[in-house]
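Have a look at this one.
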Amino acid sequence: MGPKKGKRSHSKNHHHHNNGNNNNNNNSGGGSSSDILYTYSQDTRILLFKVILTQNEEIICMVIQIAYGLPGLPKISDISRDLGILILKLPNRTIRELELFLESKNIYFREDQHINYLNEIPQPTTTTTSPPPPPPPSSISTTTTTTTATAIEIESSSGLTSNITDSTEIQLDSTTTDTKTTSTTSTTTNNSSDSNNNNNNNNNNNSNNILNFPFNCQNKSKQKRPISKEESFNKMVQYNFDLGKIFDEFTREVLLDDLKNDLKIDNIPIDNISISPTPIISPVFQEYDLFLMDSFIILCGQLDNVKLTLEEFKDYYKKYKLLNQYIEDFKDNLINDFLVTVEILASWYIPQKDYSIVKFINCFGEMLDSTIIESFSYIFNKTIKKEDDWSISFIQAALGSNEEFKRQVMCLNDELIQDRYDQSLYSIMHPIKFDNVREFILIYSRDENYFEPQEFWYLICKYDAIAITQHIINNNIAEEDLSKRSGKTYNSNLSENPLEINPLSLLEICSANFSHKIASILFQFYDFKDSMPTRFSLRGVFKPTTTTTTTTTTTTTTTTTIDKDEKDKENNNNNVISQQFQYFRVLDVNCYFNDVIKKRAPIFIDLMTQSNIYLNTEVGEGSDENVDTHESIYSFQNSTEYLAINSNSIHRLKRSSISLLSKVLEFNDRDTLISLLKNLTQGGCTLCKDLIDEKQLLITISRPQYHQSIQILHQNGYTIIPKYQLRDPYIFFAGSKQILQYLLEIHTNSLSETIDIRHWIQAIMSAGQYSSETEFFQYYPKIQELSLRDKYSRTLNILELQYILGHIEGIEFLLEKYLDFTKPYHLDNQELLEIFDVTFVQKKDIRTEESLKAEKDLLEQEENEKKRLKEKRKKEEKEKKKQQNLKQKSLITNNTTTTTTTTPIPITVPIPTQTQTPTQTPTQTPIPTPIPTTPIPTTPIPIPIQLTPTTPKTPKTPKTPKTPTTPKTPITPKTPKNSTLDKQTISTPKTPPPLSVNTTPITPSPPPQTIATTITTTTTTPKTTKTTTTSKIPTLIIELNKYDISIGKFKFSRKDEFIIGRGSNGTLVFKGIWNDRIPVAIKQMHKAFNPLISKEIEVLITLTNKNCNNIVRYIDQEEDDMFVYLGLTLCNGSLQNLVEKDLEINLISTSNNENNNNNKLKNFIGSELRLLELIKDIVYGIQFLHQQGIVHNDLNPRNILIKDDRFIISDLGLSKMEVTSSYSFTMHAPTGQEGFHPAEVLLEKRKTKSVDIFSMGCILFYLMTGGQHPFGDKFFRMANILTDKPILEPLKHNLVACDLISQMISKNESDRPTTENILLHPFFWNHEKKVKFIDASLNLFKDSNGLFTSKLNKLINQFQDTDGVNTTSTPFLSKPWNQLIDPTLIEHITNKQNQLSGGSSIGNNNNNSLTLSGKKFYFYDYSQVKDLVRCIRNTIQHHKEIQRLISQSPSSSNKQEVLDCLESQELVLSYFEEKVPDLLLFLYQKFKKHLDSKSLIYFNDLIIK
């Protein structure tokens, strides 16, 4: 029986054996069906290759002779062509006979001398017939018949005889003989007796064979016989339908159908007739290299080891001497291009998951080119889906065989992955697509180019790769646990965790794909209920906020949207994916709906609803051409169009214009729409905002097929919660008359609701009713009576208002009808623009040509204003220059007429030394005594330097006359306001500038040299004058002349080199000068975005004018027609800049294997004392704000600026105007992305001053650890804040700081200390306060009023508090404290104490004192903390006496060390702090927790509860 179509039969399934009885079965009904035709099996191919390896001409010819039954031997030249054909015609019986015969000649094909899988020949199934392959070209004849050989006796030289029955072939050639037989000499008869006679005749003939060959090649029966219908069938297959050469499956099926139709006509049974599949390799072996590869694959399959090596292969087949030659031949032929044929070969083995090809790749992989491995993997990628042991073995073999292939597959560059995916080549897409974890682990490597996390997780969610997600999350958690167990801080980075992503961000990507399976896994690991921010725009997931319908609230809401949009645009320009929680957008992909999404979306949305997470309707801008409604988009057939990894939209962060709700309506899926409406309405959303921009939707859903969706949209099953019911849910229908009419028909009750007119106007403009600002104001006067009112009752229903806004002719009538309304207030153009800007100016996707032109005109107006100011300055300079020339000409005339009568003018010039003129150059020399010279006409150029006359002998300088007629004192013109530095400093020898003389006589000491000068000067005068002038020019003048813009008291330049910050809405920060002398940062803000900004700035200026040096000062403000300018303190950077620079330097040093000693933060901090002062700068700044009733609400390292090597606080808030630099002042809702906001901010609860305390605690940790965060890495930071799980291990060496910070960052805001209490913490105690605390503690211990109880004494000796009487706790002192302190010191402290009290030391006892003979003796209980405190206090108080006693005592080994620590009280305290480091903090914590108000009196201001 032939193999089934499309599958390859294993070798043992092809070994058919017929006995004599079976030969006669099924002979009725048109002939015998026992004529079994064999296909090209592995057995025959193995034999073929072994025959070739023998290189024995006689054997090869015998094989051909056996196959054809020809009397003559073929020529050797025909062997290469005929070998493939003869094996196709060789039955398995003949294969066995040939092996037995050759074994008798001591020629072996196998090492074990047997072909084991041929020994057990299964019984054949003779119900089907398969056509034989075509005969060789040389033997094709016009007639061919097939008959059956019954029994043949095989005889060998060893006496081996066997009776084997099988079918062979007989070919008839009309040109040579009538009939030629293949393996028999007679035809089969219908009875067994005839068959036996024929067998006997065959045996007799075989005995006469010269070669002792078991077959007689001569056909002694020459008689012709009639051709049966079965033979006619075979003849058609062989000559008319050569299926062996047909590779097209369609053509093959057509031919098969034609054959069956012919057989029906001839009344031949066709139920059991089938045509065997086309052989993989053409029967004629024209491609020798492919034949070798196929043979090697089969030979490799005979070995058991899957990871087969070439050495093992050669050793196994070592008897075949020529095998190495064929291996080398195979290696040389690999350079030929036969990839198509290789793919055909691979398409046979790989779909069957045959281990032969795995063994072949492992064995010969080093010889195979990467293109061949790519061909194998191409078939693997197309045919294999789910992983198993075979697929893993195949991938391991392919990756290990060729480095180039491995590099291509394991490279995670998105462009390369896209390219391979487009070509259907194997890549990491295969394990992701079919969720194969083991395969993913093999391919993914952190050492290679890492995947962009957003792109990777997008693919994971798209294909619902659950197993891979579970593996990555578990692996990440395991790594973190391992880091914690090893005592390290878990610090993820791209090299360690390249696929790490914030859980909230991953949930957003899930929402983009409606991947409920991945979202369910996330919910198992993370609790999003408490960690979800208020406006988390996933696609977007968010919690609703209360929005009232007042004018102020609406304006604020729209302004927030504008800021959000501007921020997205800025991120888009910088190609940076925003990581902010409110406005995070990952992949702005097209919103598509297909059959897969149809199943996914309702489940995902219901999962979000059950988890109390509500969906925002914003998604990416969609396109109908990308919508595929076929489920096959997730199968292999559709490959490239949908994925689009390399699409530019992957990083596009533009604002959405098509909402999720609109796409669901267009998709018209009932289940998805119901789930979405349920989620939105439970979250407090209303449709008026969700669909306000959807003008195209209004047209789309008016069609009849959307009737059901509209009914669902307006049914009563999804009511709005009460606090949102004031907003009309149908405002978005304002622009569509058809939908309004439909609304009136199905839901008339909605007309009685109150209408928010501002929402309605926004909807009208968004729907395109007014496409430009001009058109809006053109119609405004007609409708202002309506548009100026906040709300309208049922009196003016929706349809009437629609009529008014759409039909101008009815406006006057309706206005007269409703004039009894209360008189409205008038909105000015600015307020109307706020509404207009929301729907036009800031929405690029719906902006019209008019609005774009208006924006362009605004920019041109600004440029023209700049040009106008520039021209004005030039004109002024030109006019001033003209006036100067006139004055100079007048001076020249006067000087010429009075030359002969001129007397020297005594001028006192100080000797230009470096002490007197700090700005002079080192090359300057003292001015020599002037010599009278001839006069030279000069052009006076103003120099802003005054030379002071200092000698009393010099006569008083007369006042400058009004007219330049006297030659005694030249007039100094006023410096032009806009004169440049070049005009002030350049002097030429021809026109030296005159000296400017101060008219006020001053007599300094010591007197400088006096220099007499006349109008006539020498040639040295210009040089001297120039030198003196240059040395006196202040640096400030140089700075002033760099700034070309003057606004009030501000001077600055808009050149890029002077820009130190940029923000949204065109906000810029420049470096400039205020009042011509003070450097400031000048912030330029648009008036249009906040008309009340000037008032807010005035408040901030008033606030910061108060005496506080720890906050940024708001110096002054100026404004022009377009901008407001705010002057701020100019700083040198921020704490974040300082830390980030260190991180960059460390990274570079690590990569270059260098030691980095240039730690900027460490150098900036310096000593511990300076660190305390820097921290106090921050605390004092926050304390000042809190005293003024201000909550900063956005403290982070970026807002801690550096000025004069001290910290000051910035970003005090300025009307949502955000700047991305150190000059950032915002009061918008904090993002929380960096982890500097407490849980109540993230959950949008009431914000108090404790918010700043939490942020300050995080900043202190950040400062003291060089940039680390108290809640760990960003991946878990949000979750740790919400679950109150700080990670303070990096600061565990400083327990006092840990205690303070842990209080400041407590989740419970009531547990956080105030700024006053922070400054009282032991962390800020100096030496005096520590001594004061010890004294107070000792006084408490001595209290006689019962304040110090035994219970309190027990508490201060235990680490933990115990509630029960019998419970025990770990003692604070691990051993007696005398073992911690030097014995010599203990002894002398005790002696000194008893000397002072008049007693002596008698050692330890259960009591603290003992009275003997009227004397009181003191001693210490070394297990008691209070005695340790008493010892410390006594040592501090009497350190000099104890030092003296020790110095007089016999010397000891550590005597000098003890003496050194007794030099001062501070050293004594340091000594005990080193021996018992946690004592003061321990007592502070115990007293603060357990002391009542009476006991706290001892501590005054040291402890405040």
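Glycine is no exception: its Cβ is also placed from the backbone N, Cα and C atoms.
When I checked Swiss-Prot for this same protein, it listed these features:
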ACT_SITE  Asp1194  active site, proton acceptor
BINDING   Ile1060, Gly1061, Arg1062, Gly1063, Ser1064, Asn1065, Gly1066, Thr1067, Leu1068, Lys1083  ATP binding site
COILED    846-892  coiled coil
COMPBIAS  1-18  compositional bias 'Basic residues'
COMPBIAS  139-158  compositional bias 'Low complexity'
COMPBIAS  159-172  compositional bias 'Polar residues'
COMPBIAS  173-209  compositional bias 'Low complexity'
COMPBIAS  548-561  compositional bias 'Low complexity'
COMPBIAS  562-571  compositional bias 'Basic and acidic residues'
COMPBIAS  862-882  compositional bias 'Basic and acidic residues'
COMPBIAS  896-924  compositional bias 'Low complexity'
COMPBIAS  925-943  compositional bias 'Pro residues'
COMPBIAS  944-954  compositional bias 'Low complexity'
COMPBIAS  960-977  compositional bias 'Low complexity'
COMPBIAS  978-989  compositional bias 'Polar residues'
DOMAIN    1054-1324  domain 'Protein kinase'
DOMAIN    1327-1505  domain 'KEN'
REGION    1-30  region 'Disordered'
REGION    121-211  region 'Disordered'
REGION    548-571  region 'Disordered'
REGION    862-1013  region 'Disordered'
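Describe the structural context of these features.
In the three-state DSSP scheme, Asp1194 (active site, proton acceptor) is classed as coil.
The Cβ neighbour count for Ile1060 (ATP binding site), using a 10 Å radius and every protein chain shown, is 19.
According to DSSP, the secondary structure content of the compositional bias 'Basic and acidic residues' (862-882) in residues is 21 helix, 0 strand, 0 coil.
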Including all protein chains shown, what's the count of other C-beta atoms within 10 A of the C-beta of Asp1194 (active site, proton acceptor)?
24
Just to verify a number: CA distance, Ile1060 (ATP binding site) to Asp1194 (active site, proton acceptor), in angstrom, no decimals.
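Ile1060 (ATP binding site) to Asp1194 (active site, proton acceptor), Cα-Cα distance: 21 Å.
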Distance check, please: Cα of Arg1062 (ATP binding site) against Cα of Asp1194 (active site, proton acceptor), rounded to an integer number of angstrom.
19
Sequence gap of 6 or more, C-beta under 8 Å: which same-chain residues meet both conditions with respect to Leu1068 (ATP binding site)?
Arg1054, Ile1059, Gly1061, Arg1062, Lys1083, Gln1084
